[in-house]
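S.K.: One structure, as structure tokens, below. Some questions next.
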Amino acid sequence: MSENQERAAFKKQIEYIEELKKKNMRVTKIIDDDLVFYGIQAPKEMFEKYRYLLKVSDACNWSADQNAVPLSTRIRIVHFILNHTPIPSGEGLRDLMKMKVFEAKFCLHEKRKQRELKESWARWTACLQGQPITAVRNYFGEKVALYYLWLGWYTYLLIPPALIGVIVFLYGLAFFNSSPLIKEVCEADTIMCPLCDKRCKVWQLSDTCTYAKVSQLFDNNGTVLFAMFMAVWATLFLEFWKRHRASYVCEWKVSDWCEEEEELILEIVNDADCEPKKYKHSYLRTTLVLICVTAMILVIIGLTHALVVFRVIAAVLFAEGSWEFLSNNSYSGAMMLGAVLHYFIITVMTRINRIVAMKLCEIEETRSFAATEKSFTVKMFTFQFFTYFSSLFYVAFFLGRINGHPGGYVRIAGKWRLEECHPSGCLTDLFIQMAIIMVLKQTISNVFEFTGPWFCRWLRRRRTPKLRRKCAHCYLKNESEDKHGAELCDNCKLRDWLNNYRLNDVDSFSLFNEFLEMVIQFSFTTIFVAAFPLAPLLALINNVIEIRLDAIKMVTLERRLVPKKTNDIGVWIDVLEAIGVLAVIANGLVIGISSDFIPRLVYRYHYGPCANGTDTGIDCMVGYINNSLSVARMDDKNLNNEFSLYQIQTPSGVNATHCSYKDYRSPEDYSFTPQFWLILAVRFAFVILFEHVVVICKFVAAWFVPSAPMQVKNDRLFDKLNRLKEELRSYDV
């Protein structure tokens, strides 16, 4: 920075401090070797003004204790005033920090309470213990406390679906060796059509015996019941969460609290002559934002298409490569590589999505921070949802259904064939995609989430020299803050401020990042759970670690978050309810369309050995795999240019006369058979029936479980009655 810039920055510093002093703020300046700290304290009169306005307000007058202003509230008031105090030239603190006039702003950790939270909560050995939610609320505010309350409740209620998911997995494992479907694949001598052009040859169905066994683990009759259970569970989770939340917000006396009204109170405390920010709405801006959001979603979907193209090309390159193992497993290799690439796309797009969402909020010109946060949350989650799930929706509903048939394959740019499903079904592909993304996301994000702040704190400590000045009076006396306003000396203040300065920075959206991560996980756990019954178990294990990881990070590695008051998790509850509805639709479609449940059902009762109720003494599913395959004859004139002589040679060197592929088509003209149309009709009927039954169950569950316990409602009723009586007594006096 040049000398002129330093002078201008110093001048703006002085101007800002003078503006604070005009509001009777007490400013303590302490100079270290390379740093200058300003300690800001608000006068007692400011807190009394806030307390009085809170008491006479319309909505917030029942909130919190009217007789005292706790430290968390005082921090919030001071933070609001700092952010809403401009200098004569019009710049506020945020602008001054962007101009490097000030480097950072932060509130201080309280050593004693920080130590208590560390002992009772923020340590790895407390993983299986409960959380001191009220202590967290007193220190970090209601907003942080409700996040941990929600996360703890979500983790606790994951135990039943995790256990049932394991049972469903074990159910598939129990019939691992006795399933006629697996036997039919593993013992088949069926010759399958080449999976790609040029290098891919005809292959034996029995070569994919292992893949068929894996498919049976995740595509069996148990997954249908499990998907229905998870759809109802999502509703019960939200309804029981509302009851759980109500108990705590009633205890904290914030049931009727209103964020917008508190912002008005804080504005008056900051400036008695302030004017309210008017509500505005611009159809032009709204239309522009809608167009930008749509364009962004189309870009994300375009990346999904690019990922599909990558997988198709990668499969061809692997098949034509010189490495025999990769050549023989080209499809699986391309699928796994595509899942890893999808994860890296998610990592990059997360940053881009954040920037775009913030820019769109600026275009909207929202009235308050609460409105900005709500708008940002909806946009960011929408972008992230499409980033995470667009590829999964393709795998679930389009993979293997639009690839065509021998002699009429669908090709990208007229060159590369689209992917096909395995004869055992497409659900395993969806499972592999979900498993890779979910495991990578949770493992890598947790590693970086902990090591990142730890490394940054270590680096900052290295860069800032240790304070060498000693103090004989109050050095290391942590309890001095409790001695009726006893003050630390400047040396000890500086030491404390330096320790807080070396911690990692936090901002208004630090808690948002934690919520977003968990809500995305909730989406994985509910939306495609039919394909991945072990997802709740992975989520449960991750969350047990996540709670302590976040606690350790907040208490020991990061600067103290500004305590925020609230009585709910905000717009996230609407997002979770939307996910619950989408989970019903998606799981119904996965079972009805992606899974082989319906084709197996139709075969069992209409085409198999047990059709029309006959008892043949053999398993009703014998012959299903062969029945689900169509045959292409090599002497068909439509195949003259499809496969080369090299491709139709079997491993024994004999030219194949025909090959099979997964579909229900006539061998003469490749038209769909009557069985295809019957299965399609049953698929749609099942999806409609499944969704209606589950939606009815969701509504019944929501009606059956009251949103608040009766004890909580009675406590609120008596509390309001007692307050009104107290007001009347004070009026009579």
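Each Cβ is built from the backbone N, Cα and C atoms, and glycine gets one as well.
Since we're looking at a predicted model, the values are computed, not measured.
Here's the feature list from TrEMBL:
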DOMAIN    70-133  domain 'Anoctamin dimerisation'
DOMAIN    136-716  domain 'Anoctamin transmembrane'
TRANSMEM  147-171  transmembrane segment
TRANSMEM  223-241  transmembrane segment
TRANSMEM  287-319  transmembrane segment
TRANSMEM  331-350  transmembrane segment
TRANSMEM  381-400  transmembrane segment
TRANSMEM  518-545  transmembrane segment
TRANSMEM  569-593  transmembrane segment
TRANSMEM  676-705  transmembrane segment
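Situate these features within the shown structure.
M.R.: Tertiary proximity for the transmembrane segment (223-241) is limited to same-chain residues at least six positions away from its ends with a CB under 8 Å from its CB atoms, namely 150, 153-154, 157, 160-161, 164-165, 168, 525-526, 529-531, 533, 536, 573, 576-577, 579-580, 583-584, 587-588, 590-591, 595, 597, 690, 693-694, 697-698, 701-702, 705, 707.
For the transmembrane segment (331-350), the list of distant contacts is 195, 211, 300, 303, 307, 310-312, 314-315, 318, 383-384, 387-388, 391, 419, 429, 432-433, 436-437, 440-441: same-chain residues at least six beyond its ends, Cβ to Cβ under 8 Å.
Residues 228, 231-232, 234-236, 239-240, 243, 580, 584-585, 587-589, 591-593, 598-599, 601-602, 606, 663-665 of the same chain lie 6 or more positions beyond the ends of the transmembrane segment (676-705) yet place their CB under 8 Å from a CB of it.
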S.K.: Count up the helix, strand and coil residues in the domain 'Anoctamin dimerisation' (70-133) according to DSSP, in that order.
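M.R.: Helix (H, G, I), strand (E, B), coil: 33 helix, 1 strand, 30 coil.
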S.K.: Let me spell it out: take the transmembrane segment (287-319), skip the flanking residues so only those 6+ beyond its ends count, and list any with a Cβ under 8 Å from a Cβ in it.
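M.R.: Counting only partners 6 or more residues beyond its ends, the transmembrane segment (287-319) has Cβ contacts under 8 Å with 195-200, 326-327, 329-331, 333-335, 337-338, 341-342, 345, 349, 353, 356, 360, 363-364, 379, 382-383, 386-387, 390-391, 394, 412, 416-419.
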S.K.: With Cβ-Cβ distances below 8 Å as the criterion, list the same-chain residues six or more beyond the ends of the transmembrane segment (518-545) that contact it, or say none.
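M.R.: Same-chain contacts beyond the flanks: 127-128, 151, 154-155, 158-159, 161-162, 164-166, 168-169, 218-219, 222-224, 226-227, 230-231, 233-234, 381, 384-385, 388-389, 392, 396, 427, 430-431, 434-435, 437-439, 441-442, 446, 572, 575-576, 579-580, 582-583, 586-587, 590-591, 594-595.
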